[in-house]
Every structure is written in structure tokens, then in C-alpha cells.
Amino acid sequence: MPSFYTIAFVTTVSSIMLIIFPLINFKPKVFYLTTKNAVKMAFFMSIPPLILFMSQEQMNSSANMKWFDLGLINLSFSTQFDVYSIIFLPIAFLVTWSILEFSIWYMQIDPNIEQFFKYLLIFLLAMITLVCAGNLLVLFAGWEGVGIMSFLLIGWYHARSDAATAALQAVLYNRLGDIGFLLTFCWLMKNAQSIEFSHILSSQSSTMLLIGFITAAASKSAQFGFHPWLASAMEGPTPVSALLHSSTMVVAGIFLLIRVHPLLSHNSTALTICLCLGALSTFFAASYALTQNDIKKIIAYSTSSQLGLMMVAIGLNLPYLAFFHISTHAFFKAMLFLCSGLIIHSINDEQDIRKMGGLQHALPMTTTCLSIGSLALMGTPFLAGFYSKDAIIEAASTSHINSMALLMTLVATAFTAVYSVRLIYFTSMMHARMSPVLLCDENNSQVLNPLTRLATGTIAAGLLISNIMLSDHPITHSMPTYMKLTALIITIAAFTVAYDLAKIFWTNPAVSHGTKKYDPMFFSQIIHRLLPNAALNLAWHLITHLLESILMKKFGPTHIETSQLLPIKTAQLTQTAQIKAYLSVLFITIVCVALTL
């Protein structure tokens with residue numbers, strides 16, 4: 001009888017092969033249906049390894065195939081199936097299956113729907129490659145795969161200048177992080193003579209090496225300083241936003257840090273950088289989300305805020321809590337985006353929440369799912385977000401932590417409740433503010449089935465994954481009651497305040513004073529205009545000074561003067577105006593010619 005490891009390995013590989021199959025047997029007319037069914041089958045195939053893992057409580061299998069030999073180092077294709085891979089694969093497949101089914105309805109009038117589904121499938125395949133990588137080479141292949149596919153998908157409507165600019169912006173910001181990744185990759189190849197995780201994680205590492213990894217993760221996961229591309233990515237179709245923000249691209253950076261965490265855990269400097277960067281990111285993104293009126297931008301900044309919370313968990317030396325939050329976050333974030341896409345489609349492509357309202361009557365299922373997702377996001381007890389988010393905040397409260405980082409995390413938690421209530425209130429409640437002749441229709445199985453699956457996951461996933469992942473920590477069981485309830489008290493207080501504020505601003509809409517303090521574009525203008533302008537002006541002054549004052553003068557008139565002075569002086573000596581000198585030169589010349597001939 002085969003071992004549990006063999007069964008898990010074979011079924012996991014089979015599920016991955018299933019999603020490759022539609023790309024090999026490409027039939028344009030039914031490609032989107034084949035793709036959806038392939039991901040659906042892959043989800044069911046990935047369940048047995050998860051059940052085996054739950055029964056065994058420990059599992060780690062890998063496969064290695066040699067590629068070529070470089071003398072000191074062998075490059076190989078290595079895969080690794082451990083707790084993170086086995087839990088993440090069913091979640092990724094389930095979320096992608098729901099998004100693909102929703103996309104059949106959402107993109108039905110798009111003439112290139114087959115190409116769109118092909119891109120989504122390759123996007124998923126790249127993320128699976130990254131998650132199952134056993135060394136940095138395979139991980140880098142998946143890393144670059146999600147990068148290039150995000151460029152193609154964000155720029156899907158590339159005829160619009162905003163979409164093309166957003167796609168280019170995403171690539172450029174990610175290039176900055178790739179520099180850090182490539183530097184660490186090359187350093188490890190030179191000094192460690194190996195890129196296998198098993199070897200790397202058992203060796204000593206320098207702080208600069210870890211900063212390279214953190215830079216790579218910060219750009220991919222849109223941490224503070226690298227965050228503008230994430231909101232701009234909303235220019236892509238809504239299914240792209242849902243897949244990008246839930247279980248693929250943006251969690252790749254956090255996943256990289258989870259993979260290399262044994263190196264981080266022994267370096268306090270790297271952990272402090274992760275902690276402070278995460279706290280700043282979660283606070284900054286949450287404060288931005290408060291002031292947005294575009295429904296997709298609010299959800300995008302909430303993603304950035306939650307990614308900051310995951311980075312805080314990494315900085316607390318608790319990678320499994322970061323992974324736990326990745327797993328629960330995927331369900332409700334995908335659901336929020338699908339709900340927003342359905343609402344936008346129903347009200348004639350309007351994205352401003354101030355022009356919505358009263359949708360609980362027109363779209364009851366959609367607004368119910370939007371409310372469940374928003375409540376899970378703010379950490380309502382016993383929904384998915386509560387288990388992971390509260391665990392991170394409890395761990396922060398009981399750790400030897402930078403108090404400013406803890407304060408920013410708690411404020412961001414309050415802000416999350418505020419913008420979630422604002423989103424629910426302005427879209428679902430009160431009276432309608434859009435055109436009364438719009439036809440709102442959600443009675444389609446391709447819409448309702450994905451939302452139902454994701455809503456079920458949002459309600460049940462937190463409890464299931466917490467039973468699998470969380471070990472018993474005595475410190476969280478013996479915490480004082482006030483500390484245990486900190487996150488919940490802050491959320492409830494913020495919820496109450498936000499509800500009153502929403503009622504006030506519904507009747508008295510806030511007047512825009514044009515302030516740039518909370519304008520996201522203000523940051524972009526600083527980064528994208530002032531800094532490049534300063535760099536270009538500095539370069540212009542340097543080059544003009546260098547070219548005109550030094551090079552042109554040195555190699556121009558001055559050079560001609562110094563190089564021609566000696567031959568001129570020599571020629572002057574021969575010009576004596578004496579006939580005997582000239583006759584002597586003529587005689588010597590004739591003698592030399594005669595002797596030569």
C-alpha cells in the first residue's frame with residue numbers, strides 16, 4: 001500500500017496537471033468552459049492531500065529533477081509540498097474556480113474572452129509554481145510569471161490610456177523589487193553554492209541579504225512606498241482585480257518571506273524592518289481607504305492594509321499567522337470584488353458609492369455577500385477574518401514590540417471598521433441615488449454560485465483553517481481579558497462611530513475642498529514627478545558642466561593649442577631667412593636621395 005506521502009504527492013501533481021491540460025488542448029469555442037471545469041476538477045483533486053494532512057498533522061514531500069551543471073552549483077527543478085502548499089492549493093483553486101465562473105458572465109460580450117481565460121489560467125499556474133517551488137530558481141520562474149501576467153491582465157483594455165499606464169506602473173514598481181530578488185539570488189549562488197531551500201535555510205545569512213528579500217516582498221505585496229500600483233491596477237476588469245488581490249500576485253511577496261522565514265527569525269534588524277514597514281503600510285492604506293469614493297479603490301486599499309497586517313505578523317516572528325491571514329483573506333476579498341463588479345455592471349458602470357444606495361432591494365444576494373465580506377474584513381467574531389486578524393493583534397499585544405507599530409496597527413483596525421461600514425451603508429442602505437430605469441438583475445447561476453461558494457468560505461474557512469494551522473500558545477490563553485478583547489473593543493467602537501458618521505454624511509454630503517493631504521495622487525506626484533524632475537535637472541546640470549566646461553574645452557581649443565605648439569615651434573626654428581641654410585638642406589636631401597637610389 002502506498003504511503004500517505006506518495007498519495008498526497010500524486011494527487012497534488014495531478015491537480016496541477018489538470019490546469020495545464022486546457023492550454024495543451026486548445027479549443028477556442030469552448031475554451032472558457034474547459035478552463036473552468038479543469039480548475040473545478042483540480043480543486044476536488046487537491047482535497048485528499050489536505051484531508052491526509054489533517055489526519056497526519058505533518059507532511060512534507062518533494063521532487064527534484066536536475067537541469068544542468070555549472071561546476072560548483074547544480075541548477076535543478078525542485079518542488080516542495082508542505083503545510084503551506086497543501087493548504088494554499090485548494091484555496092487558490094476554489095477562489096479561481098469561482099472567479100472564472102463569474103468571468104463567463106462578466107466578459108460574455110468581450111470578443112477575446114478565450115484569450116482572457118488563457119491569461120487567467122497562466123496567472124494561476126504561475127502562482128502555483130511559486131507556492132510549490134523547492135528552490136529559488138523555480139520560485140523566481142513563478143515570481144516573474146505572475147508579474148508578466150499581471151501586466152497583460154491589468155492592461156486588458158489597453159486602448160484606454162489609464163489602463164495602459166496602470167499596467168506599466170505595476171511592472172516598473174515590481175522591477176524595483178526584482179532587483180533585490182536577483183541580487184540575493186546571485187549572492188547565494190556565489191557564496192552558498194546552492195539555491196535549494198533546504199540548504200539556504202540551514203546556513204547563516206547577512207542583514208543585507210535579508211533586506212534584498214524584504215525589498216522584493218515589499219514591491220510585490222505593495223507595502224508603503226511601493227503601494228501606488230495596487231490601486232492603479234483597478235483599471236483592469238473586475239475578475240482580474242479579484243484574482244490579483246485575493247490569492248495570487250499580491251500575496252506572493254508575503255509568501256516569499258514565509259518561505260525564507262528561518263533566516264529572518266534569527267535577525268532582529270530584518271524582523272524590525274518587517275514590523276515597522278507592515279505597521280506603516282496598514283495604517284497608511286487604511287487612512288487612504290477612508291477618503292475614497294470609488295468602490296473598487298476602497299477594496300483595493302483595504303487589500304494593501306491587510307497585506308501590511310500580514311507583514312506585521314512576519315515581523316512578530318509568526319509566519320504561520322501571516323499565512324493564516326492569507327488563507328482567510330482570499331475568500332472575502334475575492335467575494336468583495338465580485339460583488340463590486342456585479343454592482344458596477346448593474347448600475348451602468350458607475351463606481352462612485354455616493355451615486356448608489358438602496359441596492360438591498362434590487363440586488364439582495366449581492367449586497368448580502370458584500371456585507372458578509374465587509375464584516376469579515378473588519379474582524380466580526382466567528383467570520384473568517386476574525387480568527388486570523390485577532391490572532392495577529394493578540395500576538396502583537398503580548399510581544400516585545402515597538403509600541404508605535406502596535407498603535408498604528410490598532411488605529412488601522414479601527415479605520416477598517418469605519419470604511420467597511422461606510423461601504424455597506426452607501427451601497428446597500430437608505431434610498432436609491434441612481435437612475436430609476438436601470439435594470440438590476442442577479443438571477444444568473446454564473447453569478448450566484450461563485451458568490452455562494454465564497455460566502456460559505458468566508459463564514460466557515462476561519463474555523464477550519466485555525467484548527468489545522470494554529471498550535472496551542474499558552475500565552476494567548478492566559479492573557480488578561482482586556483488585552484484579549486482589545487481588537488474587538490476597537491472594532492465595535494469604530495463601527496458605532498462609523499455608523500453615525502455615515503448617517504450624517506448621507507444626508508449632508510461632504511464638500512470637497514480640494515485638499516491634497518488625503519489624495520492618493522499626491523503621493524504619486526511626489527514620487528513620479530518631483531523625484532524624476534530633480535534627477536533629470538541634476539543630470540542636465542552635470543552633463544552640461546561636464547561636456548561644455550571640461551570635455552569640450554579640454555579636447556577642443558585647449559587640446560589643439562597644446563598639441564600644435566611643439567610642431568609650430570620646431571617649424572619656426574627652420575625658418576631663418578638665410579640662403580646658406582636652405583642650400584645646405586637641399587644638398588643634404590640630394591645626397592640622401594642619391595645614396596638611397
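Every residue gets a Cβ built from N, Cα and C, even glycine.
Same-chain neighbours of the transmembrane segment (6-26): 34-35, 38-39, 41-43, 45-46, 48-49, 52-53, 59, 61, 63, 81, 85-86, 89, 93, 118, 121-122, 124-125, 128, 132, counting only residues six or more beyond its ends whose CB sits under 8 Å from a CB of the stretch. According to TrEMBL, the feature transmembrane segment maps to 6-26 (among others).
Here TrEMBL flags 38-55 (among others) as transmembrane segment. Residues of the same chain lying 6 or more positions beyond the ends of the transmembrane segment (38-55) and with a Cβ under 8 Å from any Cβ of it are 4, 7-8, 11-12, 14-16, 18-19, 21-22, 81, 83, 86-87, 89-90, 93-94, 96-97, 100, 121, 124, 468.
Under the heading domain 'NADH-Ubiquinone oxidoreductase (complex I) chain 5 N-terminal', TrEMBL lists 67-117.
Sequence annotations record features per position, and here TrEMBL assigns transmembrane segment to 83-107 (among others).
Marked as transmembrane segment by TrEMBL: 119-143 (among others).
What TrEMBL records for 133-415 is domain 'NADH:quinone oxidoreductase/Mrp antiporter transmembrane'.
Under 8 Å from some Cβ of the transmembrane segment (163-188) lie the Cβ atoms of residues 136, 140, 143-144, 147-148, 150-152, 154-157, 194-195, 200, 209, 211-220, 222, 226, 228-229, 232-236, 253, 256, all in the same chain and six or more residues away from its ends. If you look up TrEMBL, you'll see 163-188 (among others) marked as transmembrane segment.
Look at TrEMBL and you will find 239-258 (among others) tagged as transmembrane segment.
Taken from TrEMBL, the feature transmembrane segment covers 270-291 (among others). Tertiary neighbourhood of the transmembrane segment (270-291): same-chain residues 207, 210-211, 214, 218, 222-224, 227, 231, 257, 263-264, 297-298, 301-317, 401-402, 404-406, 408-409, 411-412, 415-416, 418-419, 422, 518-520, selected by CB-CB distance under 8 Å and a gap of 6+ residues from either end.
The transmembrane segment annotation in TrEMBL covers 303-323 (among others).
Feature annotation from TrEMBL assigns transmembrane segment to 405-425 (among others). Within its own chain, the transmembrane segment (405-425) is flanked in space by residues 275-276, 278-280, 282-283, 285-287, 289-290, 292, 295, 298-299, 301-302, 305, 308-309, 312, 315, 353, 370-371, 374-375, 377-379, 389, 393, 396-397, 486-487, 490-491, 493-495, 497-499, 501-503, 506, which lie at least six positions past its ends and keep a Cβ under 8 Å from the stretch.
The feature domain 'NADH dehydrogenase subunit 5 C-terminal' is assigned by TrEMBL to 419-596.
Per TrEMBL, the feature transmembrane segment maps to 451-470 (among others). For the transmembrane segment (451-470), same-chain residues at least 6 beyond its ends with a Cβ under 8 Å from one of its own Cβ atoms are 53-54, 83, 87, 91, 94-95, 97-98, 102, 320, 323-324, 327-328, 331-332, 334-335, 338-339, 365-366, 368-369, 372-373, 376, 382-388, 391.
According to TrEMBL, the feature transmembrane segment maps to 482-506 (among others).
TrEMBL lists 579-596 (among others) with the feature transmembrane segment.
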For the transmembrane segment (482-506), sequence-distant contacts whose Cβ falls under 8 Å of one of its Cβ atoms, 6 or more beyond its ends: 357, 378-381, 389-390, 393-394, 397-398, 410, 413-422, 425-426, 430, 476
Averaging the per-residue pLDDT over the domain 'NADH dehydrogenase subunit 5 C-terminal' (419-596), what integer do you get? 79
Would you mind listing the long-range same-chain contacts of the transmembrane segment (119-143), meaning Cβ under 8 Å and 6+ residues beyond its ends? 12, 16, 19-20, 22-23, 35, 38-39, 62-64, 67, 75-81, 84-85, 88-89, 92, 96, 99-100, 103, 149-150, 152-153, 156, 178, 181, 185, 188, 195-198, 200, 216, 220, 239-240, 243, 247-249, 252, 255-256, 259
